[in-house]
Structure formats: structure tokens, C-alpha cells
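Copied from Swiss-Prot, the annotated features are:
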- Lys186: active site, proton acceptor (ACT_SITE)
- Glu193: active site, proton donor (ACT_SITE)
- Gly12, Leu13, Ala14, Val15, Met16, Gly17, Asn35, Arg36, Thr37, Val77, Lys78, Ala79, Asn105: NADP(+) binding site (BINDING)
- Asn105, Ser131, Gly132, Gly133, His189, Asn190, Tyr194, Lys263, Arg290, Arg449, His455: substrate binding site (BINDING)
Amino acid sequence: MVEAVADIGLIGLAVMGQNLILNMNDHGFVVCAYNRTTSKVDDFLANEAKGTNVVGAHSVEELCAKLKRPRKVMLLVKAGSAVDAFIDQLLPHLEEGDIIIDGGNSHFPDSIRRTKELEAKGILFVGSGVSGGEEGARYGPSLMPGGNSKAWEHIQPIFQAIAAKAPDGASCCEWVGETGAGHYVKMVHNGIEYGDMQLITEVYQILHEGLGLSHDEMADIFEEWNKGDLDSFLIEITRDILRFKDTDGQPLVTKIRDTAGQKGTGKWTAIDSLDRGIPVTLIGEAVYSRCLSSLKDERVRASKILQGPSSSKFTGDKKTFIAQLGQALYAAKIVSYAQGYMLMRQAAKDYEWKLNNAGIALMWRGGCIIRSVFLGKIRDAYTKNPELENLLFDDFFKDATAKAQDAWRNVTAQAVLMGIPTPALSTALNFYDGLRHEILPANLLQAQRDYFGAHTYELLHTPGKWVHTNWTGRGGNVSASTYDA
């Protein structure tokens, strides 16, 4: 009879899986490793895991037999059908109360489905976002578990031990919420990551193309910013990238083809925001900017055909403008996170999740790509008011955007005058202005829809009552009501 010695099993021995196993081992947990290609198990035990307490299994049945009850199995395999296939293989060897954890990059609807399907079979399912890449997996990732809450007490000691630690020592892992909440929050995290990166690249282009600064000069600016409110992993690595020289002494970044790739998680966030009717405009623009960058050949042709401003030279005080750039970047970053939290708030309503908003900010403070000092302020805002309607309504963020407002407007205006694209900086400001307007021109839009399609409209003094006007004789005839604008 096989002895149950392992605290947790892990399926999937790519680098992420191996590193998570070694991380768990470092924290005193016995892990049983399994891979579909069983030779990988032997190679791992003979090399990376040599001298550790890691044990191996050559079948799913052996894996489950080596696990202490309640059994805990973590999957780090390709999202999609592979996850379902392994779940099907595991089920005959599990019993009521056992736990399956999907730590891959699954889309949240799949996690919702799996939680419900497995609950009906007595199995506790957890869909957990894992952020931080290979190094994070080895030395401390940001973990975002959600699903069947009964599983949390059993996996909490492992997850909070192996997770990254924030500067104050807090573990970057908390229970997120029900069903697909863990993978949903990870999706929004990735969308915000898209937004943060796009904002930084726009500032980079303004500094380089607009102000004519060298890469070393720009690196100095990012280094200075990293000592203040903008202190973050992405600002830090941007500094390092700008300083990095190729073998010929030239900045390597200038030789990299300007076509950005994407794996689709930013697109997931943008599409989800459209489905929910939440204006997550900054992340959307970040996705579209990557799409535009991929049209390299067309942009090369356009650069020789399309006319820009008559004069694109900056004539102001550079030192003052650089300080304003930092303020604009900070304000736009606030909007990006406000939009992300708006989206999570709506999803929580739609799925009846009780999201741990302060805990989410805490989870993102270490071990992940968007980690920053800034997140501590978000945690404070939601700790003070767990039902906060909008991050911009918190006193700290309300004052911060107000303080940055003049600089923010000047930066976007100067970029327009210089012909430098700033889709993320600009859309953040446009969102801010739209949100603070009690009256928007959608009244005219509704009248147009009613004119050509009889879609009806509400009056200000009678909301909820829908009326239609026959506009004939006051600008034209009513068209057929088959239009859907």
C-alpha cells in the first residue's frame, strides 16, 4: 500500500510548475510531482529537485494515493481542454471534500463552470490566478484564489506561505471570492498591466521624440520617479531597459522592432468590459495600441504619406514639463485602476461574488508585474470603505487627480500639438472629464436614435418612463424602426 506522505500534489512540470514545487518545498511542504510525460518526473527528481523532500508519481492514481486527506491537487497545465481532461482523470481517485486547484491561465467562465460541476460531485474546486512569472513562482508569486470557499482553510497555510510578501510583511495572497472570482481578478490584473505598460511607453515617446532626451537621460528620470509616488516594478524595469547597451554601445531598445505581441488576456478584459457596459477605456486603448503597432508595414507607408503638424518642436521649459509628465502618468494610472475596480464591482454584482477589494490590492503589492507602492493607497481606501462606489471618490485619489489636473491637461495638449500619439493618457483624461460631467450629450444621441429608429427615450423629470416623438416636419421623416444604433 502506498503511504500518503504529501501535503499537496502538482501536475505540470514546465518551469512554472517546477518552481512552485521548489517554493513549497522551501517552506516545509511535501509535494508530489506528476507530469503526463513521466520521464519529466524522473528528470526533475534527479536534477532540480535532488536533495529535496519532493516525491514523484508515474500515474494519476499513484499521485492521489500519495496525498494526505483532504487531497489537494494543483494543476499547472495549458488552459482549456487539458484542464478538463486532468480533472476527469483525477475524479475516480478522489473522494468528497478533496480539492482541485487550477493555477493556469484559465478564462473565468471555465472556472465558474468547473466550480459548480465539481461541487455537485463533492469536490472543492479553486481557480487561482498566479502572477509573477517563473521567478515569482520560485521565490514568491502573487496568488489570487477563488472558487469553493470550503477549500480555503485547507490551502491557506500553503498558499500564504509561498506567496510573495509585501514590504510590511503581509502575504500577497487572500481569498478573492466565489466560483470564477480568482481567475476574473487575474484577468483584470493583466488588463491593468496592459494599461500601465502603455502609459509608460507613451511617456517614453514624449520624452524621446518630443523632448529629444537620450536614453540615459530618460533612465535618470525613471529612476527619480521610482523614488516617489510612481515607485513600481514597471518603472524600475523601464529604467533598466533604457540604460541597457548592446555590444556596440547603443541602447538595445532602439533596435527592437516596434510591434508588440499579446497573449489575449488584455483583450479578454476589454471584451468583458463591453459585455458589462463598463467603460474600461484605458485598457481598451492599450489593446488597440498593440494592434496598431502590429501594422508595421502599413505604418511605414503611412509615415511617407500622411501629414503631421507643421511644427512638432517643443518650445517650453523641459524641466517643468518633465515634472508634469510624472503627474500626468500618476493621474492616468489612478484612472486605470479605478476602471479596473469598476469592472470587478460590476462582475461581483452580476455573479453575486463578495469580492475582497482591499485584499485584492494587497495581493498585487508584491510578486506580480503591477506591484507598486501605489497599491497600498488602494488597500487603505477599501479598508476604510469596503463599499466604495468608485476609487476616484476616495479622498486620497480625489485630491491626487485634482492636484495633477493642470499638468495632465498640459501634457496631453502638448502631445497633440507635437503629433505624438497618447491614446491611454488621453482616454484617461477624457474618462475623468466624462465622469465629472452631470450632463453629457447623450441626450442628442437618444433623440437621433428615436428619430431614425423609434427607439424611444426618457425625459429628465420622468426617468423610467419611455416615450417616442414623431419628428416628421422637424428635420425629416422617421425611418423604419429596424435600425439598431
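Placed from the backbone N, Cα and C atoms, the Cβ positions cover glycine too.
These figures come from a predicted structure and were not determined experimentally.
Distribution of Swiss-Prot features across the structure.
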{"residue": "Ala14", "record": "NADP(+) binding site", "contacts (Cβ under 8 Å, 6+ apart)": "Leu76"}
{"residue": "Met16", "record": "NADP(+) binding site", "contacts (Cβ under 8 Å, 6+ apart)": "Leu76, Val130, Gly133, Glu134, Ala137"}
{"residue": "Thr37", "record": "NADP(+) binding site", "contacts (Cβ under 8 Å, 6+ apart)": "none"}
{"residue": "Lys78", "record": "NADP(+) binding site", "contacts (Cβ under 8 Å, 6+ apart)": "Gly104"}
{"residue": "Asn105", "record": "NADP(+) binding site", "contacts (Cβ under 8 Å, 6+ apart)": "Ala79, Lys186, Lys263, Thr265"}
{"residue": "His189", "record": "substrate binding site", "contacts (Cβ under 8 Å, 6+ apart)": "Gly129, Ser131, Ser142, Met144, Trp364, Cys368, Ile370"}
{"residue": "Glu193", "record": "active site, proton donor", "contacts (Cβ under 8 Å, 6+ apart)": "Gly266, Ile369, Ile370"}
{"residue": "Tyr194", "record": "substrate binding site", "contacts (Cβ under 8 Å, 6+ apart)": "Gln262, Thr265, Gly266, Thr269, Ile283, Ala286, Val287, Arg290"}
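Cα of Gly12 (NADP(+) binding site) to Cα of His455 (substrate binding site): a distance of 53 Å. Counting Cβ atoms from all protein chains shown, Lys186 (active site, proton acceptor) has 27 others lying within 10 Å of its own Cβ. Between the C-alpha atoms of Gly132 (substrate binding site) and Asn35 (NADP(+) binding site), the distance comes to 22 Å. Spacing of His455 (substrate binding site) relative to Asn35 (NADP(+) binding site) is 57 Å (Cα to Cα, whole number). Pairwise Cα distances among Gly12, Leu13, Ala14, Val15, Met16, Gly17, Asn35, Arg36, Thr37, Val77, Lys78, Ala79, Asn105, the recorded NADP(+)-binding residues, top out at 21 Å.
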